[in-house]
Amino acid sequence: MKIILANPRGFCAGVDRAISIVELALEIHGAPIYVRHEVVHNRFVVNGLRERGAVFVEELNEVPDGAIVIFSAHGVSQAVRQEAKNRNLKVFDATCPLVTKVHMQVARASRKGTKAILIGHEGHPEVQGTMGQYDNPEGGIFLVENVEDIAKLGLKDNEELTFMTQTTLSIDDTSDVIVALKAKYPAIQGPRKNDICYATTNRQQAVRELAEQSDLVIVVGSKNSSNSNRLAELASRMGVPAKLIDDSNDIEPDWLKGINTIGVTAGASAPEVLVQSVIARLKELGVDSVEELEGCEENTVFEVPKELRIKEVG
């Protein structure tokens, strides 16, 4: 029995940056540091930061006046930013720059009064933050999750429309929705390149390659991680059993019955240490060799805010 490792896998530049912001804020300012929402969707990472003094909250009313608060990698609405300002909170923004790029598209549409359609998953914090960039009562922003939702929009074919997408979606599903949007609204405008981020795209492509060579695919990632769920769904769609696990403790020996090749990958918010523990556990269960796909190299780096950078360099 052998393992094939996906490449790339695990942390992306936005996650790296977000975790660094919390770590550096704790180092410079000391605990407690408040973080609005889980800074990234990974239980292991969040628990580690909590042990060091990060306090995770869902709303700013849980943060004392004048305290330090970090916005998670998923981004926040304009209303949350304004509330932080009104409360005199010291903010470090860990919003992924690729999410911020989508925020700017929405804000531009809002200023022009152009109606916007966001392709994304209802209730996901990134979607909440992105929709919260639109504040023009003359226009409006509408959420669609799938092709069926487009029929319910009730917008006129001839009105000025623009669309954007959540950054962690399935490339295939999103492509289908965009095709349907353009068919219903031929004049609709959108980004020159889709908003799905490079890391999501690369990890989905790696899982395609992995699934072609595997009898079982294991995705390391938390259940609330959008991009991790999409990786497991993609493998399943290709006809390969897929398991989404938080860590090696979730592995059930029965999964390996009749299996020769196990593909292993990790979502963009899952650290490599978890992948290595999964490999160790699978070796205990009979794996005798580990290979790695060649994949593509990722060199993207996002800098932390300058107030934290001085300490990092020093």
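For all residues, glycine too, the Cβ spot is worked out from N, Cα and C.
According to Swiss-Prot, the feature [4Fe-4S] cluster binding site maps to CYS12, CYS96, CYS197. Annotation source Swiss-Prot lists (2E)-4-hydroxy-3-methylbut-2-enyl diphosphate binding site at HIS41, HIS74, HIS124, THR167, SER225, SER226, ASN227, SER269, citing sequence analysis. The dimethylallyl diphosphate binding site annotation in Swiss-Prot covers HIS41, HIS74, HIS124, SER225, SER226, ASN227, SER269, and the record cites sequence analysis as its basis. Annotated isopentenyl diphosphate binding site per Swiss-Prot: HIS41, HIS74, HIS124, SER225, SER226, ASN227, SER269, in sequence order, evidence recorded as sequence analysis. If you look up Swiss-Prot, you'll see GLU126 marked as active site, proton donor.
Location within the structure of each feature annotated in Swiss-Prot.
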{"residue": "HIS41", "record": "(2E)-4-hydroxy-3-methylbut-2-enyl diphosphate binding site", "DSSP class": "coil"}
{"residue": "HIS74", "record": "(2E)-4-hydroxy-3-methylbut-2-enyl diphosphate binding site", "DSSP class": "coil"}
{"residue": "CYS96", "record": "[4Fe-4S] cluster binding site", "DSSP class": "coil"}
{"residue": "HIS124", "record": "(2E)-4-hydroxy-3-methylbut-2-enyl diphosphate binding site", "DSSP class": "coil"}
{"residue": "THR167", "record": "(2E)-4-hydroxy-3-methylbut-2-enyl diphosphate binding site", "DSSP class": "coil"}
{"residue": "CYS197", "record": "[4Fe-4S] cluster binding site", "DSSP class": "coil"}
{"residue": "SER226", "record": "(2E)-4-hydroxy-3-methylbut-2-enyl diphosphate binding site", "DSSP class": "helix"}
{"residue": "SER269", "record": "(2E)-4-hydroxy-3-methylbut-2-enyl diphosphate binding site", "DSSP class": "coil"}
For this session: Name the one residue among CYS12, CYS96, GLU126, CYS197 whose Cα is closest in three-dimensional space to that of SER226 ((2E)-4-hydroxy-3-methylbut-2-enyl diphosphate binding site); these are the recorded positions.
Result: GLU126
For this session: Select the most exposed residue of HIS74, HIS124, where exposure means the fewest other Cβ atoms within 10 Å, treating these as the binding-site residues.
Result: HIS124
For this session: Take the C-alpha atoms of ASN227 ((2E)-4-hydroxy-3-methylbut-2-enyl diphosphate binding site) and CYS197 ([4Fe-4S] cluster binding site) and report the distance between them in angstrom, rounded.
Result: 10
Exercise. Out of THR167, ASN227, SER269, which of the binding-site residues is least crowded by other Cβ atoms within 10 Å?
Worked result: ASN227
For this session: Enumerate the residues of the same chain, HIS41, HIS74, HIS124, SER225, SER226, ASN227, SER269 excluded, that satisfy the criterion Cβ within 8 A of the mean position of the Cβ atoms of the recorded dimethylallyl diphosphate site; list them in sequence order.
Result: VAL40, GLU126, THR168, ASN224, SER228, GLY267, ALA268
Problem set entry | C-alpha spacing of CYS12 ([4Fe-4S] cluster binding site) relative to HIS74 ((2E)-4-hydroxy-3-methylbut-2-enyl diphosphate binding site), in angstrom | 13
Exercise. Can you list, in sequence order, the residues of the same chain other than CYS12, CYS96, CYS197 whose CB lies within 8 Å of the CB centroid of the [4Fe-4S] cluster site?
Worked result: ALA13, GLY14, VAL15, ALA73, PRO97, LEU98, VAL99, THR167, THR168, TYR198, ALA199, THR200, ALA268
Exercise. Given the dimethylallyl diphosphate binding site residues HIS41, HIS74, HIS124, SER225, SER226, ASN227, SER269 in the record, what is the largest Cα to Cα distance, rounded to whole Å?
Worked result: 15
Problem set entry | Nearest-integer angstrom distance between the alpha carbons (Cα) of SER225 ((2E)-4-hydroxy-3-methylbut-2-enyl diphosphate binding site) and CYS197 ([4Fe-4S] cluster binding site) | 15
Exercise. What is the total of other Cβ atoms whose distance to the Cβ of GLU126 (active site, proton donor) is within 10 Å?
Worked result: 26
Seminar exercise, completed: Here the recorded positions are CYS12, CYS96, GLU126, CYS197, and the Cα closest to that of SER269 ((2E)-4-hydroxy-3-methylbut-2-enyl diphosphate binding site) is found at CYS12
Seminar exercise, completed: THR167 ((2E)-4-hydroxy-3-methylbut-2-enyl diphosphate binding site) to CYS197 ([4Fe-4S] cluster binding site), Cα to Cα, whole Å, comes out at 5
Problem set entry | Cα-Cα distance linking CYS96 ([4Fe-4S] cluster binding site) and HIS41 ((2E)-4-hydroxy-3-methylbut-2-enyl diphosphate binding site), given in Å to the nearest integer | 13
